[in-house]
Amino acid sequence: MEFILSLIGSLLLVICVLVSVAFLTLLERKVLGYIQIRKGPNKVGLMGIPQPFCDAIKLFTKEQTYPLLSNYLSYYISPIFSLFLSLFVWMCMPFFVKLYSFNLGGLFFLCCTSLGVYTVMVAGWSSNSNYALLGGLRAVAQTISYEVSLALIGFKILLFSLL
């Protein structure tokens, strides 16, 4: 019974995160509309609330294209894997009710965020384009260099909180 409740809780968490991302993009569009002195997305429906749902319908009904010489399976699996990794990060966050008991939640967070780098590299490699591969390798090198400083800052905060 506890497993079913934790599964329902994690599914509810994932749905809330995805819906909140949709409405944060709506907020971003509204702020950009006010900054640029133009009409924002608040003209659709009631205060623009249906806009994220219309965007989702538009994205799901678009024609899917892929490079002709690409590795088709890894070209489409790598963004999906990246999405799942970013959703797994939310499972280790402490909430009022613990979904899963993590003794090493910080290490799980660092592992999931560092694995997200390699999906960019696989997407660049699987397109069979030299430019996409170089861009993926550049993104990997840049992200790894930022992760080292992030981990050192996190360990410094952890060390000073223990003293």
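Just so it is clear, glycine is given a Cβ too, placed from its N, Cα and C backbone atoms.
Here Swiss-Prot flags 3-23, 77-97, 104-124, 143-163 as transmembrane segment.
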The recorded stretch from 3-23, 77-97, 143-163 sharing the largest number of CB pairs under 8 A with the transmembrane segment (104-124) is 77-97
Contact set of the transmembrane segment (143-163) with the rest of its chain, CB cutoff 8 A exclusive, min separation 6+ beyond the ends, reads 106, 110, 113-114, 117, 120
